[in-house]
Structures are given as C-alpha cells and as structure tokens.
Amino acid sequence: MINRITDNKFKLISKYEPSGDQPQAIEQLADNIEGGEKAQILMGATGTGKTYTMSQVISRVNKPTLVIAHNKTLAGQLYGEFKEFFPNNAVEYFVSYYDYYQPEAYVPSSDTYIEKDSSVNDEIDKLRHSATSALLERNDVIVVASVSCIYGLGSPKEYSDSVVSLRPGLEISRDKLLNDLVDIQFERNDIDFQRGKFRVRGDVVEIFPASRDEHAFRVEFFGDEIDRIREVEALTGQVLGEVDHLAIFPATHFMTNDENMEIAIAKIQAELEQQLAIFEKEGKLLEAQRLKQRTEYDIEMLREMGYTNGVENYSRHMDGRSEGEPPYTLLDFFPDDFLIMIDESHMTMGQIKGMYNGDRSRKEMLVNYGFRLPSALDNRPLRREEFESHVHQIVYVSATPGDYEREQTDTVIEQIIRPTGLLDPAVEVRPTMGQIDDLLGEINARVEKNERTFITTLTKKMAEDLTDYFKEMGVKVKYMHSDIKTLERTEIIRDLRLGVFDVLVGINLLREGIDVPEVSLVAILDADKEGFLRNERGLIQTIGRAARNSEGHVIMYADTVTDSMQKAMDETARRRQIQMAYNEEHGIVPQTIQKEIRDLISVTKSVLPDKEEVVEIESLNKQERKDMIKKLEGQMQEAAGLLDFELAAQIRDMILEIKAMD
C-alpha cells in the first residue's frame, strides 16, 4: 500500500492575465465549487479562452481533476495546453491505447467468428500507467481523457495493494523481489530491456516501470538487504541520482492476488457448468462444446500464469463483483473529492450515453453462441447513470450546451468576450432565388481581399454540383466530403489557409481542426431545413467558423426563418452586442487571430529529404513503402515524445493508409 501526497498545490504558469469576462467566469466557477455546488455550465463562445479559464479554476480550487474530451485529437490538444499551464504538476493523458482495434464479434447470418485483433500503442499505454500511478501517489493531478475513461480498468485497491515498495535498508532477498515482480506481471529479459521488464546481474536488479519510457531503476543488494537504489538512463545505464523510496506499480491494470484468483476460478467454473447445462437443455451442443473448450483453456492459463488473453471478460469474477454491478474504471482511481470537466459537453455527454448499448449488443451475440460466458456482459463501459453516481462536482464546457446539461443545472456562467476583441460575426438572411450568383459575387469580393469562404450544404449532390459550377466560373474551390481521409483533410485545410484555393464546400464543417482565421464568410445553404446541422446548436457552431476573423460575416440562404434560425441569430446578436460594448468601453480594436500555418505535409517530405515535391505514395514499390512506414513510425514516436499528439495521430493515419495498400 502507498501513501498519497496530499499537500501538493496546483501552480499555474502563464504569461497571460485573465481578461475580458474571464475573471468573472473564473471567480463564479471557483466560488460555486468551493461552496459545494454539484453541477455548472461554462458557456463560452468560440475563441474566448475556455481552456485557460478551466486552468485558472483548477489552480484555485486545488482538486484532482478529470477533463473528458470526445475524441483523442481534442484530448491531445488539451493535454498539451494543460502541460504548458502546469509544468510542475502531474498532467496525465488517458485514452484508448489501441492504434487499431477489431473487437471480438460473431455474425450468425454468415457463421463468422471475428477474433479480437488489436495493435497497442506503447507510448499511450505508458501514459495510461503514468495516470493511474500519479492518482495513487499525489493529489495535484489533472487527467485529460477520452470516453475511454468509462471502460473497465480493474480494481484500484488490487492495483495499489500490489505495489512493490522498496527503500534502502529494507530486508528482502533478491529472489523474493524477483518473485514479487513476476507476480505483478513484470517479465524478466536480460537482453531486451523495455517497459514492464526487469533484468538481473549478480546482486543488481534493474527494473523498468510500466509508466516510464527512458528512465529505469537499479536496485543494489548487500546480502538480503537493499544497499541503495539509483535512477538510471535505461539505454546507456548512466546514473541520474539516488532515490530514498521506489514504488513499483503493476505492469497491468488487471491485478488479482493468489487468494482472489482461486475464488475467481471457482466462480468461473461454476458459471461454466451452469451455462453448459442451459445449452445442453436447449440442444445447443456446438455452442456448449465451443464454450467448454475455450473457458477451460482460459482457466488453465489463469491458474498457471495468472493471465490469459481476454482476461478482461472475467473481470466480474476477478474483482468480486455481483452480476450487473458496474466495473471499476479510471474514475475509481480518483479520491472522493475530485472535479470533472466535460469539454464540448454537447458532444461528449452523448457519447457517454451511447457507449453501453453498442457494447452490450455485440457481447450478447458472443454469449448466445457460446464464445463467452454471460459474465462477459459485465466487462463493459459505464451506463450514464453509473457515470453520474461518480460525479462529486462537474463543470460542463461548451459554446452550445445540450439539453442534458441544462437539465442537470440552472447555473450557467457565460464567457463571451474574446481576448483579441473579435466579435461574433454579423448574420443576415437572404432569399434562395438567385442565391448561387449572389454567393459568387460575395466570394469574388473576398478573393480580392485575400480572404476565404466556407459554404455548407445539406446534401452530397448539391455540394458536388456547386463545386463544379464554381470551378467553371473560375473560382478556386474544393469540396470536403466524409470519405476524405484524415491526412488529406488536414492538407486541404492547410491549402485553404495558404490560398492554394479560396472556397471550401462541405456538409459538416463543425469538426475539430476547421477553425481557419482567414475565413471571413460562411454561407449556409438551405438554412431553413430543420435537422441536426440546421438546429439552433448546429447553426451557432457553424456561425462560429467566422468568429476568428475581424471581417467575419455569415449569410443564411432561406425562404423562411425557422425557430432555430431565429434563436441562433438572436443569440449571436446578443453576444455581439456585449462584445461591441466591451470593446468600446476599453478602446479595443478587433484583430484577426494570427495562427501559424504548420507544414503538415513536411512529414512526407522529411521521409525523402532529397526530393522537394510531395511524394505520391501510389508510385512507390512495396519495399519503398516498407521503408517509408519505418521512418514514419520513428517520426510518430518523436512527435508523441514532444507531446504533439495531433501530429502523431496524423502520422499514424498516414501509416495505416500506406499499410492498407499492401
């Protein structure tokens, strides 16, 4: 067992001071948290510095904090920002560690069993271990996570009880330490020294923790006593210093001691016999044979090795949970008095709600056809109500909070003023009659000023037809549809910013990474067609695409004004009025955001530095593609090491695209 350090304080480092309405938002949020309020909404307009406000609140209330984002890319961006704000505190990253994941499944219509297949990202696995160990060791922890945090993880008590605690002067034999390390799933390898492994040289044991990537620990014995413990460079062996205490956390999050393992195996056997009897009674002999063979093999592996592939499917028995009881998740590793912040809550809360049902329908098929015991159904994500039961205090953060968040609280704190003085764009409605020619004139006016245009349509056909027409009219235009791969999508955005083309047509331009300061005009076609992309929330988000430019303007083409349109325009006008009044009072002149254009395709160029042009992957032979993959993998690890997870994800997607060609 380990003792958590509880007197560490968050220390925010920033060259900026809160400005605009950030000070009021920070004060209200922090006061309410300190006053015990359970739920609040931070309704911050695009570009108002919501992450900075969140950081200020964390620094003031000084609680361990879980920040949840709705995808890995956004989580990576937030992680990088929080790391900059809190360099002296534990800022951790917890997302799914799979680069590739094909879940176990069965398709009865074609009698096809799909075995689980996955590729684990070693860097992310390290960061997950770093997150859980930090939560058990200290209080000044921020974990930035995706919805992966509501999936089963193993018991935090078993995890912390399994920690091997070492200090100089401790009486323990070398062989006892080696056995303890094997018990917590460390592997001995005297040659290939990596995370989760140890090696032995006489009276010296070197241990490479699962939460580290460069530093290991050298434990030196004198007889049956630890003489000293040194931190060393894993690759070179260079001594970095001595340590007074070393806590070695398990190499896996799914830990069970010997006594509980025997209890779990007995329960698995009992459930197997019960399920076999049901199958035999129903005449499902094939299913019974399949289940018997698989489960008995897993039991043998658990008994001999303490582990088996798919061990998580037995987690209910390993954890000692009852049927239907929620699994342990990352949330259980936090102390009781912790804070949750939900970024882009209108998206993230919907994801949290939907995870359980999709997982259950797939697993029920596996159970019904004898691939898994019924207890596998309890290896699952949390239901939304189970997630809610973990909430001590929560802040929902969004420019457009959803209905769910508004049902949870009446406390809505607004953040409308941008530090740059930028206003929400002016919005007008124009008739659909002659809309294309009208829009063409607006585009040409923007082109003359070296500004860009977004056009959002409702259908793929209209987007394609519009793109073709504008091309005929001499407009430099591109259409971004859902089939475009991540890397190509990023290149399109970069080319738009550089002026390679002037107009981007799309159906859904709300996705992350679409904020382009050069865009001064957003045109919304069929604005009066109610639906997901034309409801109040969708319209406000789309209008926000023009909020990064001082000349920002939005035209809705419609023949009627729907309730959603009116509400979106009213809300935008209200915010704009507040922003204008603030600017006038403080003598602020709005300035377009200056955002560096990163050379996103430099990845391709740096692989073949002797060539200036972008390489056409299709033109490479198999060996050249293999060489490129190897170099890209090195760059992906380098980007991840620099905490640039957005770039690492883009390189990863490029690797997957190249691999798909073979």
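Numbers run from 1 along the shown chain.
Quick reminder: no glycine exception, Cβ is built from N, Cα and C everywhere.
TrEMBL assigns the feature motif 'Beta-hairpin' to one of the listed ranges (97-120, 121-144, 481-504, 553-576), namely 97-120. Considering other CB atoms within 10 Å as the measure, the emptiest surroundings among the binding-site residues Gly44, Gly47, Gly49 are those of Gly47. Note: the domain 'UVR' (626-661) comprises 31 helix, 0 strand, 5 coil (DSSP; helix = H, G, I, strand = E, B). Working note on the binding-site residues Thr46, Thr48, Thr51: by count of other C-beta atoms within 10 Å of each C-beta, Thr48 ranks first.
Sequence-distant neighbours of Lys50 (ATP binding site) (same chain, 6+ residues apart, CB-CB distance under 8 A): Leu42, Gly44, Asp343, Val397, Gln415. Along the domain 'Helicase C-terminal' (435-601), the predicted structure has mean pLDDT 87. Residues Gly44, Ala45, Thr46, Gly47, Thr48, Gly49, Lys50, Thr51 make up the record's ATP site, and a Cβ search at 8 Å around their centroid adds Thr53, Ala399, Gln415, Arg418 from the same chain.
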